[in-house]
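Trainee: In case it's useful when we look at the structure, here is the feature table from TrEMBL:
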{"type": "TRANSMEM", "residues": "6-22", "note": "transmembrane segment"}
{"type": "TRANSMEM", "residues": "29-51", "note": "transmembrane segment"}
{"type": "TRANSMEM", "residues": "63-83", "note": "transmembrane segment"}
{"type": "TRANSMEM", "residues": "104-125", "note": "transmembrane segment"}
{"type": "TRANSMEM", "residues": "150-169", "note": "transmembrane segment"}
{"type": "TRANSMEM", "residues": "174-191", "note": "transmembrane segment"}
{"type": "TRANSMEM", "residues": "197-214", "note": "transmembrane segment"}
{"type": "TRANSMEM", "residues": "221-242", "note": "transmembrane segment"}
{"type": "TRANSMEM", "residues": "334-356", "note": "transmembrane segment"}
{"type": "TRANSMEM", "residues": "363-381", "note": "transmembrane segment"}
{"type": "TRANSMEM", "residues": "387-404", "note": "transmembrane segment"}
Amino acid sequence: MSWDIIFIAIIMLALVNKFFDLRNLLNPFVFFYLYQTAFCFIALAYCESWYPWIPISPELRFYIILAYILTFLGAMISRVLFARNGVEYVKINEIEIEKKPSRAFQISGVLIFIAGVVFFLIFTYKTGGVIIFAEDIENDRISRKVGAGLYNLLFLSFLLYGYMIILLLKDKTYFFKILFFLFTAFALVSYGSRAPLLKLLIASFLMITILNSKKLSLKKYLKIGMGLFLFLVAAGAIRSNFEDDRVTFLRLMKFRAGWRPFVNLQNLQKIYDFFPTEHNYLLGESYWIDFKLFFPGSNPNFGTYLKELMNWDFDGGSVTTTFIGLGYLNFGKIAFIVYPLVYGFLFNSVYQILVLKGKIKNISLLFLMFFSIGVSGSVSTGLFGTLINNILFLLLVLVVHLVLKQLMLKRPFKLNLE
C-alpha cells in the first residue's frame, strides 16, 4: 500500500471541501474531482501489491499525481477570479430554487417523460427485447445496440429529465413519483449499463436535497456515496457472467471493487507506452472520429477505434482513455498539465455563472444537475465524447421542454427561463 497516495488524496479532498464543499455535487468540478479521485488516482495506492503484473511506470505515476493536483488548481483559479469580480461561492446548503415551477412548466415536463417512454419502447423493439434478460449481457449490450444508438440516447435523456420534473410536482403525487421512479429505473438498466441508473439515483438525491429544508451532513453524503459504489460493484459482478464454483460472489465483488478504479490506470499505461513509440500522436484526430458519430452509416466512437488501432482484444465495449490519456495521445506530455487546469477551471466557472447569491432557476437547476453528472464521466472518456453523448442531448431536451411550455401559454412566444 502506497500511503503517500492516500495522504495526497486526503489533503486534496480536504482542500476541496474547504473551498468548494464536497457535498456540492451541483458543482461539476466537485463531482468531477470525486470521480477523478476514485477512477484516475486512488488505485495508485494499491496497484503494486494487487496487480504487480501490470506495472505503472514511475514517470506516468508522477504525471497522474500532477494532473490530480492541477485539476484542483484550475478550479481555484476560477474561484479566485470570480471572487475578485464580486461573485462569492455558493455552497449546497445555501442554494434555493428561485420560484416554484408554473403549471405549464410541469405539464410540459410530464410530456417530456412520456416522450422518453415512447423512445424506450422503440429502442426495445429495435434491439429485439430487453437486453438484461439475455444470456450474455456483457457482449449483447454492445452488439444488439447497433443501429439503435440514437433511440438509446433519446430515451435516456428524455426519461431522466422528465422524471426530475415529476419530482418538482406537488407532494401529493408521492405515490406516482415512486411508481414512475421504478419504471424509469427498470428502463435505464434494461440495456445492460449501470451508469444511467446511477445518474437517476444521484439526480434524484440531489433534487430531494435541494427541495428539502433539512440539509444533510458530509458524513451522510459519504455513507450514501459508499452505498452507491457498492451497488456499482455488485451490479458489475452480476453482469460479468463469471462462472467458477471456486470463486464466491463476495470474492468476485472484492475483485471488481479493486479493478474498477484500476482499469483506467491500466489503459492509461498502455496508451502511454503505445504513443508515440508505436504510433505518432493523433494531433486532434480523436475529436474528428467522435464528431463523425453525427454522420450517416456505421461510425464507431474513438474508444472503439483505439481498441482496434492498438489490437486490444477484450469482451465488452470500447477503451476508456481517461481525460489525460486522451490529451496525451493527441498532443503529448503537455496535456498532463493543460487538460487538468482547463477542466478544473471550466467546470467551476459553469457553476458560478449559473448559481448567483444562492438563488437558482428551475431550468438552471435541471441543466446544472445533469451537466455535473454527465461531465463527471469525462474522467474516463474525455470531455468531447461526453458532450456528444450526454450534454448535446440534454440541450435538446431543454429546448423541447421550453417550446412545449411556451405552446401551452396563451401569449406571444417569449423565452422565459423559470
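Indices start at 1 and increase along the chain as displayed.
Cβ coordinates are placed from backbone N, Cα and C, and glycine is handled just like the others.
For each feature listed, report its degree of burial, its nearest neighbours and the pertinent distances within the displayed model.
Mentor: Sequence-distant contacts of the transmembrane segment (29-51) (same chain, six or more residues past either end, CB-CB distance under 8 Å): 1-3, 5-6, 9, 12-13, 16, 20-22, 61, 64-65, 67-68, 71-72, 75, 78, 225, 229, 258, 260-262, 264-266, 268, 322-324, 343-344, 347-348, 351, 372-373, 375-380.
Remote same-chain partners of the transmembrane segment (104-125), defined as residues 6 or more beyond its termini with a Cβ less than 8 Å from a stretch Cβ, comprise 148, 151-152, 154-155, 157-166, 168-169, 180, 183, 187, 190-191, 362, 397, 400-401, 404-409, 418.
Outside the transmembrane segment (150-169) by six or more residues, the chain places 101, 105-106, 109-117, 119-120, 122-123, 126, 176-177, 180-181, 184, 187-188, 191, 196, 199-200, 203-204, 207-208, 211, 362, 366, 369-370, 389-390, 393-394, 396-398, 401 with a CB less than 8 A from a CB of the stretch.
If you look at the transmembrane segment (174-191), the same-chain residues 6 or more away from its ends with a CB under 8 A from one of its CBs are 113, 116-117, 120, 123-124, 127, 130-132, 141, 144-145, 152, 155-156, 159-160, 163, 166-167, 197, 199-200, 204, 235.
Panel annotation: around the transmembrane segment (197-214), residues 25-26, 92, 95-97, 160, 163-164, 167-168, 181, 184-185, 188-189, 224, 228, 231-232, 235, 365, 369-370, 373-374 of the same chain, lying at least six beyond its termini, place a Cβ under 8 Å from a Cβ of the stretch.
For the transmembrane segment (363-381), the list of distant contacts is 25-28, 30-32, 34-36, 39-40, 97, 160-161, 164-165, 195, 199, 202-203, 206-207, 210, 264, 303, 320-323, 326, 343, 347, 350-351, 354-355, 390-391, 394, 398, 401-402, 417-418: same-chain residues at least six beyond its ends, Cβ to Cβ under 8 Å.
Sequence-distant contacts of the transmembrane segment (387-404) (same chain, six or more residues past either end, CB-CB distance under 8 Å): 108-109, 111-112, 115, 153-154, 156-158, 161, 165, 290-291, 293-294, 363, 366-367, 370-371, 374-375, 377, 415, 417.
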Trainee: With a Cβ cut-off under 8 Å, give me the same-chain residues at least six positions beyond the ends of the transmembrane segment (63-83) that come close to it.
Mentor: 5, 8, 12, 15-16, 19-20, 29, 32-33, 36-37, 40-41, 44, 56, 89, 265, 268, 324, 333, 336-337, 339-349, 352
Trainee: Which sequence positions outside the transmembrane segment (6-22), separated from its termini by at least 6 residues, show Cβ-Cβ distances below 8 Å to it?
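Mentor: That would be 29-30, 33-34, 37, 41-42, 45, 65, 68-69, 72, 75-76, 79, 89, 91-92, 218, 221, 348.
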